[in-house]
């Protein structure tokens, strides 16, 4: 079966969809103009939708006065103008756009300015760094008045680390902003009318995360030859801060690493490991050097920490993964001896990645201490997690997410349904449903993930799940033709969303129900539009009705939003 199914992935990928540029730009602009909105929108091809951004500003609200600064720093009132690159402005942030950037606008003209780390209600001085046709990007220089929902950020790195952009915004305000972002995208990209009475029942309130810190079960830190320090802290830091670094990349830079001694998103035991490594890895006697992305020299590339649970005792387990540029695991022995004094550490591995790329997946892997995997429990199932396995990063909230998916499936309870699980990863979603359905068929492009899915099925004594390796962006008309017609399709694509060929397949398949799980509400809204309303320019007819859309906050203090959408065949 697997060989036959895999053969359907043989055709090459279609080039960038020019028609999507034309269709998206024309219909989106026409629709939004008809509602008297000013918009920032960029619809890119289905293969690359990372630039989809949209924030809608009602023209009747575009009346805030904005000041500009001349070269002599005298402020003067300006009404109805378009700022230029290099200009300094006094701005008020009105809302958050997707990816967490603050949205401001120029008086009268309604011209949109996007500013990283600006929060709703904050008045600040910003400099225009980049100008585009319909919006500009601004760098915040100084806060004049903080935002109304300000809270003290508990993390010392919050102002400079790229991980927790909204840590000083109250959690209630974070949830409100995320819910509004999803609503705006569904209306203005998905073309679902919020004026219809049914919309209130479709759009569900966002599900909060019970734990706002220490929720991540995986963190990856990078080594670097020189520590990055924010400009405003240069005078405060000692010269030691600039020599060798272990931490997180500075926002927007692949070659600058901010030294981090403690991250509030990971567990206490993981922070203990991080601190232990920080204390000793720079010792000249160890002869350890950090990887230099420019010269392609050095030994240590990444430190990856993964947390799990022992299935017998329920106690936490920790895996430490050193990613190195060469095959010399003995060099790590002094670090291993230090780390193994921490009781939670049950696995230390070394991934050897000899390429110049920045990936943490190696060509070789050595187990330096303990086990080669750790375990975690999700929805009553046990999962083996290796150094390079994909697993939901927030285990506790993943349990909530999967319960929502199960609720959306509306299983009959007689074990008769066939489930098609697309972008199945290591099989976690499909396997949590398997014992209540007839069969689960999962498709995934990553070979290691497919192997892990099969192992997870065996580990949990599940015999009615089949996992196939294949690229869902390269399917042809015979895809899944040798499988029984599914009653339920679950699709969990990565950030670019689904390829138009896969959407056409789903519309031809006509499964009774589609559950769309998304980590990117912008591409999710676009795909929901295609499934429900079709693509007239391509003679593609929509066949589904959106019955519910549930935002879920998986990652507090970050701009990321998960959504579970239920679609029913009309």
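Glycine is no exception: its Cβ is also placed from the backbone N, Cα and C atoms.
Listed in TrEMBL:
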DOMAIN    82-142  domain 'TRAM'
BINDING   392, 423, 444, 492  S-adenosyl-L-methionine binding site
ACT_SITE  519  active site, nucleophile
TODO: Round to the nearest Å and give the CA-to-CA distance linking residue 392 (S-adenosyl-L-methionine binding site) with the residue listed as 'active site, nucleophile'.
DONE: 12
- [ ] Take the domain 'TRAM' (82-142) and average the pLDDT across it for me.
- [x] 88
- [ ] Under 8 Å Cβ to Cβ from residue 444 (S-adenosyl-L-methionine binding site), same chain, six or more residues apart: give me those in sequence order, or none if nothing qualifies.
- [x] 423, 424, 425, 450, 453, 467, 468, 469, 470
TODO: Write down the Cα-Cα distance for residue 519 (active site, nucleophile) and residue 492 (S-adenosyl-L-methionine binding site), rounded and given in Å.
DONE: 8
TODO: Determine how many residues of the domain 'TRAM' (82-142) DSSP places in helix, in strand and in coil.
DONE: 0 helix, 32 strand, 29 coil
Task: Set of same-chain residues at least 6 away whose C-beta sits under 8 angstroms from the residue listed as 'active site, nucleophile' - done: 494, 495, 560, 561, 562
